[in-house]
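Features of the protein shown, as given by Swiss-Prot:
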{"type": "MOD_RES", "residues": "2", "note": "phosphothreonine"}
{"type": "MOD_RES", "residues": "2", "note": "N-acetylthreonine"}
{"type": "TRANSMEM", "residues": "41-61", "note": "transmembrane segment"}
{"type": "BINDING", "residues": "118", "note": "chlorophyll a ChlzD2 binding site"}
{"type": "TRANSMEM", "residues": "125-141", "note": "transmembrane segment"}
{"type": "BINDING", "residues": "130, 143", "note": "pheophytin a binding site"}
{"type": "TRANSMEM", "residues": "153-166", "note": "transmembrane segment"}
{"type": "BINDING", "residues": "198", "note": "chlorophyll a PD2 binding site"}
{"type": "TRANSMEM", "residues": "208-228", "note": "transmembrane segment"}
{"type": "BINDING", "residues": "215, 262", "note": "plastoquinone binding site"}
{"type": "BINDING", "residues": "215, 269", "note": "Fe cation binding site"}
{"type": "TRANSMEM", "residues": "279-295", "note": "transmembrane segment"}
């Protein structure tokens, strides 16, 4: 018996190999296997948003005008959430609510679930695209890991939070002014700005912006080989092949400024990755907590003292009153189906009033 040792090679390519060759071919815009998820989902999400903001009203779900057709502009148009009565229905076009009627589907808010779900899978497809390309060119997958931060925020805010509440109605609608309304809602009903997870998110995002500005300025400041132009801007060449800045000079500069400085590029760039991604993940965790109506930082002793002593008031107690005002004024308008009526005497007023 003869045993042949060696690598097995197929004589003919099967369908998988043919698809793999075509999908991963070197072209101007890489497609890849991830593109099978990314491109259709991104196309439908963006297309659904443009369709909704252009033509579709929110009269039947929120009692609002929300399209260019009704007179909104770019800042006030939105694809709004379904009515609260529809709870967590996927609102499929062929489902029991719309029954295949496209106009009725739009009126019920079906475009919101369409955009939200295709948007989520589109973002996941983009992260998989970064994994796939990193694998192809033998890079580590830190870009994809970093992009998990925005995905975590999107999924927690647009999907997990409303799943914890009574329906998609309480998710943000897809529009600029609609997001502002949602932020006010979060503050009034959850005191979100005093939540430690929100604080970590703000520190991460603003800290990352600061690090980015400092890093870019420092690299530009420490270039030691450049063009021969008469001024900085003519001498600067963005297509320079190799890096010609001095890490040693940058280290000395910041050591003199702060007393401490990054000693190598790896630690510096890891820190620039760690700060924003951790901030985004922490804020996403905080929103998951809000989905379960968890409370954070209720300083009850100050509230009791403020209620008993007309001369005692803190910024915290003033903010609590503002939150009560947001709830009282917003709930009646934002949830008309609840028929909430607040008489004047129960509306909150601070000690100064």
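Note that the numbers count up from 1, one per residue, in the order the chain is shown.
Keep in mind that glycine also has a Cβ here, set from the backbone N, Cα and C atoms.
Distribution of Swiss-Prot features across the structure.
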residue	record	Cβ contacts under 8 Å, 6 or more apart
118	chlorophyll a ChlzD2 binding site	41, 42, 44, 45, 48
130	pheophytin a binding site	141, 143, 144, 147
198	chlorophyll a PD2 binding site	192, 283, 286
215	plastoquinone binding site	268, 272
262	plastoquinone binding site	251, 254, 268, 271
269	Fe cation binding site	none
Beyond the flanks of the transmembrane segment (279-295) by at least 6 residues, Cβ under 8 Å: 148-150, 152-153, 155-157, 160-165, 186, 190-192, 195-198, 200-205, 207-208
For the residue listed as 'chlorophyll a PD2 binding site', the three-state class that DSSP assigns: helix
Packing count at residue 143 (pheophytin a binding site) (other Cβ atoms within 10 Å of its Cβ): 15
